[in-house]
Amino acid sequence: NISFHGGESPKGTLRVKMVLLGSSGVGKSSLALRFGKDEFRSTTPTVGCAYLTRVVHLSDVTLRFEIWDTAGQEKYHSVTPLYYRGAHAALLVYDISKRETFIRAQVWLKELEKQYTPGSTVMWLVGNKGDLAQDRQVSVQEGQALANDRDLSFTETSALAGDQVSELLIYKKAVLGLIESPDLTKETFGNKGPKFKDGPHIYH
Amino acid sequence: MDGQALRPTASWENGTLAPVDRLRAERADSPTPGLVEGTEPGAGQKSAMFVHAQSFEDLTAEAEEEARRDDELDKSGECAEELKVLVGEKTIEEQRNNSISSESRSKEEDVSSEAWRSHRKHVFVLSEAGKPIYTRYGTEEALSSTMGVMMALVSFVEAEKNIIRSIHADGCKVVFLTKSPLVLVGVSRTCQSDKELLRELQYIYYQIVSLLTLTQLNHIFQHKQNYDLRRLLAGSEYLTDNLLHRLDRDPGLLLSAVTCLPLASSARDVVSSSLQAAKAKNLVFSILLAGDRLVTLVRKKDQFLHHIDLHLVFNLVGSSSSFREGEGWTPICLPKFNTAGFFHAHISYLEPASELCLILVSTDREDFFNMSDCKQRFLERLSKRSAYQALKEALKCPTYSVAQVGIPELRHFLYKSKSSGLYTSPEFPEVYHSDEEQERLMGLYQDLHSCLHHPTRPLRSFYRCSETENLLAWVTSGFELYLCFSPLGTKALAVSAVNKLLKWIRKEEDRLFILSPLTY
């Protein structure tokens, strides 16, 4: 079981670098807030990037999620590689009520695929704003089809309604995926270029 | 309006105030304020924190230079007759009459409503190709023809090897600022001078540069003249909106100065030294803010921050909620420092619900974890000291009442120490509690500021009586002072109040100003 705690276990902590990508206004920051505090607040556009950490205690290991909540605005795109470089999990977020954000998510996906060897990063396609189903422009099937085609995990969420089950699913599956095949390195930020040679590291 | 200019007289300056030489020697003890820069209350004891600038003059210097070039061109006789109608200055007569002649504004009527046109101050930003980039009110799309006309005006005058500066008509001033590759246009019905309006446009220009850098702007427009810059500014319009709001409300932007959180100097020194100790190789500035007030600023030796850059940082932090949720890391150009490149700012609040926001400015975009570590070290060091508690206490009363000064008729004042670039001001009294009244008072201060800094006939002091308040403004080489008295006050009282106030500020300067700024 995954549970959320404020504190951090000093021993056996696995650091997981997770990045949220997607167009401006799709709800990346709201999702990040939902992950961490199970809250919803309307937010101003993210400036640059926001870094949050959340600690998740599993039965045998503590996971420290280092979440990079990037700004969707185009002017910040030149610095975005800083954040997705070396990420263990990437969430490609789009707004189900705005088709262009779905297209934009595919652009992000292409960019990520250029950088990554397949299977090294757990990638999720996330259709957010599930509460706006009446304005839906991207069907569940479309999202799922893209995910199947590109070998991504897929879910729809609502940061507003607090569809916590979905969020937990993301965590759980992301985590399980990571424990099987990842490269949890401490220096995820400072290194130039993606590094996927190392196996999982546990810091004591 | 009963305006009356006081001629500054030697007797006033020397009669009641100590001679300058003595002040230099006994600065710390002397309760008498100095008239010379560096000895006035609030002047830093070491080097100043900010770029040394004649502040307002420095800010408008570029525009002045353009104006001079403009004048020279005028003299060369190239100026066509019709330009004399367009170029300001010739119709400097203040327009109290705000009635709108539909004739002169017919260009805008096509795209906008009466309500839109009756806004006090419009700001437009366009590219040199005439493409809309920003409008304060309404949408850019709807105004593309209006902006096209603006660009046509600019180009038309430029074609004659001249520069359009302003148009004065029907209580409206239209001010142009050409900062290639951008053109900024202000349309105002306020009494502000062209120079003041230009200053505001400069701020907007710097706001845009701080998001993109001038190098990038130039590159974009060299590459594609027709580029729609709104793409890159999308999601940041609120910063410009808020900056415009601040320009109407914040005395700091008017005075080209920053205000501090009142804090005992012993506590501030501990905070500063804790911040100084948390240094890193690429760290250039560490800034601790409490809301819109500076707690302390530590800088790299020989690197100075300009107050404009600091105001842009204030605006960024004050406008965004995103730094509340985690640690922010963003590229930021500080245009008065360098228009060509980005710094990288680590922005975070010391505690979740705290007003205290720490900004660490690094030159390295990969420095996030180093900066995060600096913050932790600062916080750990500070938490151990009682000064942190004192700081938290000080946050509960971030301002003070004018009653503390003990001058019955005095309602409000602004005092700026020129050498430190810091100002102090009490909270607004009861009579100015509404937003409208505060903006009205700010408008009056702006007016006085315009008179003191008039481009051709600057005043040293200015006393003005009206039905609602009496105002006195005084500028020396050391300070700038604006006082607001009840309408029952007299000029004699106002003059004597200056001395009393300056003595009070001298007495309180330890608390109200940062007297010993630190470097790494």
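Just so you know, glycine gets a Cβ as well, placed from its N, Cα and C.
According to TrEMBL, the feature region 'Disordered' maps to B:1-47.
Taken from TrEMBL, the feature domain 'FUZ/MON1/HPS1 first Longin' applies to B:121-243. For the domain 'FUZ/MON1/HPS1 first Longin' (B:121-243), the DSSP-based tally of helix, strand and coil residues reads 59 helix, 30 strand, 34 coil.
With DSSP classes pooled into helix, strand and coil, the tally for the domain 'FUZ/MON1/HPS1 second Longin' (B:281-379) is 29 helix, 36 strand, 34 coil. Taken from TrEMBL, the feature domain 'FUZ/MON1/HPS1 second Longin' covers B:281-379.
Annotation comment: TrEMBL describes B:409-509 as domain 'FUZ/MON1/HPS1 third Longin'.
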What counts of helix, strand and coil residues does DSSP assign across the domain 'FUZ/MON1/HPS1 third Longin' (B:409-509)? 40 helix, 29 strand, 32 coil
